[in-house]
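Engineer: As listed in TrEMBL for this protein:
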- B:74-92: compositional bias 'Polar residues' (COMPBIAS)
- B:543-649: domain 'TMC' (DOMAIN)
- B:32-96: region 'Disordered' (REGION)
- B:270-292: transmembrane segment (TRANSMEM)
- B:341-360: transmembrane segment (TRANSMEM)
- B:435-455: transmembrane segment (TRANSMEM)
- B:475-498: transmembrane segment (TRANSMEM)
- B:510-533: transmembrane segment (TRANSMEM)
- B:553-573: transmembrane segment (TRANSMEM)
- B:604-630: transmembrane segment (TRANSMEM)
- B:650-675: transmembrane segment (TRANSMEM)
- B:716-742: transmembrane segment (TRANSMEM)
Amino acid sequence: MGGSASQLPRDLLGEYQELTFLTKQEILLAHKRFSELLSKEERESILQKRVPKSKILTLPELRANPFRDRICRVFSTSEDGDGSMSFEDFLDMLSVFSDSATSEIKSHYAFRIFDFDDDGTLDRKDLEKLVNCLTGEGDETRLSESEMDQLIQNFLQDRAVMALRPF
Amino acid sequence: MTYHYNEAFENPDYRYSETLEIDRSRERNSSFLQNHHDSSLDDDSLYDSYEGGRGQRNQDYPMASMQPGFRYSHSASRPNTNPYGNPHTNPSFEYEPEFAYTSPSTFHAGDGPYVRRASDMSDGGSFSQSYNRRQADLVYRMPSSLLRLDSNAETYDKDKYKHEEKLIKNLASISSKERVKAIQKTPKTMKEKRDIRNKVLMEKTKKSVSSSTQINCCTQCLYKTALSYQRFKNGMSEYLHLLQLWQKTLKVIGGKFGTSVLSYFVFLKWLLTFNIFSFLVNFSFITIPQLIASGPNNLSFNGLELLTGAGYFKKTVLYYGFYTNSTITKTENNSSYDMQLAYIFTIGIYFIICFFSLVYSMAKSFRKNFINPQTYSGSAAKLLCIWDFNITNEKAVKLKQSNLSTQIKESLSEVTLEVLNLSPKQRIARIAVHLLVWMASLGIAAACCAGVYFFSRNNLQLLEGNKSELENEAATLVLPIVVSLLNLLIPFCFALFGLIEKFQYPRHQLYATVIRNVFLKIAIIGILCYYWLNDVATSEKECWESLVGQDIYRLIVIDFIFCLLASFFGEFVRRIIGTKCCKKLGVPEFDIARNVLDLIYTQTLAWIGIFFAPLMPAMQIISFFIIFYVKKVSLMRNCQPPRKVWRASQMTTLFIFLLFFPSFTGVLSVMAVIIWRRTPSKQCGPFQGLTSIIDAVSGWMHILDSYSSSKWVVWIYYNLIGSVHFFFILTVIVLIITYLYWQIIEGRRIMVRLLHEQIINRSSSSYQPYRRAALQMTASIERPFGRNGRDFYVEPSSARIPEKTSLPPADTEGCQPGISETLALALRARQQAEWEMEDNDDEDFRP
């Protein structure tokens, strides 16, 4: 593992392997990437620190993603609701997005990511925001009012969607 | 000592030490106390089983990040004081893989989820699901709690705690592997998962302490070996990870171009593993012994051999002809190595392993993609599943967004045009055009076959010709060049048909193109095999297998060169044209289908070639490596991400299927014909002098017969492998089993459809008695409003997933509401009975 100042203790590594879908290499790599986001002094106590959302969003994998804000917010366990992530939140996020995660857990978190107002339902406002994220903010690519209405109407009437409503 | 030992055994997956987990977790708990404040916000989610510390968190519900099963209304900020625990908890939430939308104000206390996926019994999803249902049952059984607020809050807490205990007990009772998987699958934060795990481990040690008896040293030894074996396996898997090829490159490609283009490169990498395996096996078992016992090579080497494969290479280990038929013995010891048996068994076993590996990959791929009771096409799937989270490049993201926007706008405008009511005349015209195009493509393929056959006969005559050696050899290159040209140009021809032929769905066009190209390539390979097996093999040539090997070598090399050229012209030059000269064309897209079919074609040739040139896989390896890097560079510089939506996983399944069905099975049939029906050449090769190759094995069986210890092998050979009756009985059994499974699948499909309808029916009304009445009412009513009955929707302003107060008719393909109602009631009754059974025993959590 080299001579990095803070290494993960082995039992903690084993525990993370049990609790997430990540392999040992992936956890160590995540550790390295996470510690790069912290300043030098903070790296000693990496497990207790929280990285602010602005720094997380500098990661190249998240930088361009239209859903980056939601991803940070969903996986963050910060009580202030500011979207800051601890190392364990970071691992949770990587675990859900990894290839070995089951589709149930992926769909669970996908729902939460798409639920922009966090009210447990995907209502019209959520769907509008979702479509805007998908099509981008450019003037040419945005959908007009009427197109948005029609799209959401089609969506809500889709047979699959109707069938999956709980009761 | 025993106590410690039990702990170590019960956690063999705990990889690094054997001390008590409990002690360690206790230590860590103390250091993590300050992290308590960072705990998650899903306080009242039904998945939250961690009880401790919740009291501290009552005050703040800042973000209320909710689990989908939980509808949190901002007014009820103190769930502890709520009579039902959570009035908006929807305990009937089914943990479906698709997205479920909670209805905001309906609370069905008594309706539990009645669809339980039996296959996921041991995962966290079903735990929580059943947990939800228990919760619901409990709450439902406390109707008087409506009036007593505080005391019921306590009861709610107590019940929750009791359920959590039950959950932990159940987790503790299953095997540790399943437990690990179950905990991994729960959608909770790391902290909560860790707490669950610690509690489960505590539970386990309690159980083990109470029930541990003297373990004798025999079992102790066994446990020790199990533990060390587990550690060894873990260590190995770490190092195996280092052997992964091209991980970073694939991630970069996926990040810039998306999953569809990535699937081509993954397919290439997968084919490469077949070749590497084949090369290792052939080299070690066939080539190395031969090299030990080889004679000198007195032919001269001139550069043309690299292309033609003849000349100097004729007398090397590259070809079949060089291998001896003798048994190779070292002078020191007596063990001998029978080259004949080694040759046939190595290649045979390699093909068997390939066969099982292909079948396994194909089945796994099918299961993921096609065996879906309802394919969710339509706008829902498009919106929710369409974003490719793999893409990380900013430009690519913008491109994808603009593509999506175009697609959505197109599909919105097409919705009205979707159901094209073609007049019969137009329909006939369309079918006529389809037929015409198919005839044309078949005709072209047949013409190509005829051309190839003509050239190949020409090839044969050249070998008897009396021109100079060099010219002869150069002329043998004509056939491969013709074949490669055909392979390159005819697909463009087929693509041109797309201008005439109109399909209703673009997907059908893609499939039609792929099928035509596959047909062309297989036809060409087929005619070549016919030529080799009929003309070359039965001609009186000296070493026909080596000739075939040389032919295949030339084909593969020329095809490789043409592939590089096509990449150069098709992508680089096209990009120059598209950006500099003719700006309208734009930058080319990476043509995934064509490239994958090229790979399949080359791999088929290589598989046929293994028998005639055992080191053919080495060439394939080199060529695949070079192709990978060339394609990657060309992609990065010249191409843009694909515009159309390409269902990558479905197309991958199709490609694996194509690799198996015409390609690999064709190779197996060719092998079968060679081994059973063709006489090997008399003067060269490991099978010289035999009447057929299979005689080598029969000869060996005779020899084995004389040894008494191996009579069982002989018996198996004669009575099982050699007898027709055995295969007949085996076939009948397999057919019967297949038929039974087919019927089971049909039954399940019907069941799923009925349940689906039941869900649609149930989603309208609030609770049971009203629903029953409503169902009976609608059974007698025709469909008044049809599918677009928006008049039913109660909240038009908020326009959420709307609440329907009365029952819309189920949108079915003609299913009677009456029948589904009866079935629904029957299902419900059965479900209730099952729940009662389960309440009595805890068997449901065991996998």
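Every residue, even glycine, has its Cβ placed from backbone N, Cα and C.
Annotations in TrEMBL come from automatic prediction, not curation.
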Engineer: The transmembrane segment (B:553-573): which same-chain residues, six or more beyond its ends, come within Cβ distance under 8 Å?
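Structural biologist: Long-range Cβ neighbours of the transmembrane segment (B:553-573): 306-309, 313, 318, 476-477, 479-481, 483-485, 487-488, 528, 588, 590-591, 598, 601-602, 605-606, 609, 613, 616, 619-620, 623, 626-627, 630-631, 634-635, 637-639.
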Engineer: Do you know the mean pLDDT across the domain 'TMC' (B:543-649)?
Structural biologist: 87
Engineer: Please work out which recorded stretch in B:270-292, B:510-533, B:650-675, B:716-742 has the most C-beta pairs separated by under 8 angstroms from the transmembrane segment (B:341-360)?
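Structural biologist: It is B:270-292, which has the most Cβ pairs under 8 Å.
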Engineer: Between the stretches B:435-455, B:510-533, B:716-742, which one has more Cβ pairs under 8 Å with the transmembrane segment (B:650-675) than any other?
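Structural biologist: Answer is B:510-533, with the largest number of Cβ pairs below 8 Å.
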Engineer: With DSSP as the reference, give the number of residues of the domain 'TMC' (B:543-649) in helix, strand and coil.
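Structural biologist: When I sort the residues of the domain 'TMC' (B:543-649) into the three classes, I find 84 helix, 2 strand, 21 coil.
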Engineer: With Cβ-Cβ distances below 8 Å as the criterion, list the same-chain residues six or more beyond the ends of the transmembrane segment (B:270-292) that contact it, or say none.
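Structural biologist: Here the qualifying positions are 245, 317, 322-324, 328, 330, 337, 339, 342-343, 346-347, 349-350, 353-354, 357, 361, 599, 603, 606, 610, 614-615, 617-618, 620-621, 624-625, 628.
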Engineer: Grab the same-chain neighbours of the transmembrane segment (B:510-533) for me: Cβ-Cβ under 8 Å, and only residues 6 or more beyond its ends, written as numbers and ranges.
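Structural biologist: For the transmembrane segment (B:510-533), the nonlocal Cβ contacts are 438, 441-442, 444-446, 448-449, 452-453, 456-457, 483, 486-487, 490-491, 494-495, 498, 501, 503, 548, 551, 555, 593-594, 597, 600-601, 604-605, 608, 654, 658, 662-663, 666, 670, 673-674, 678.
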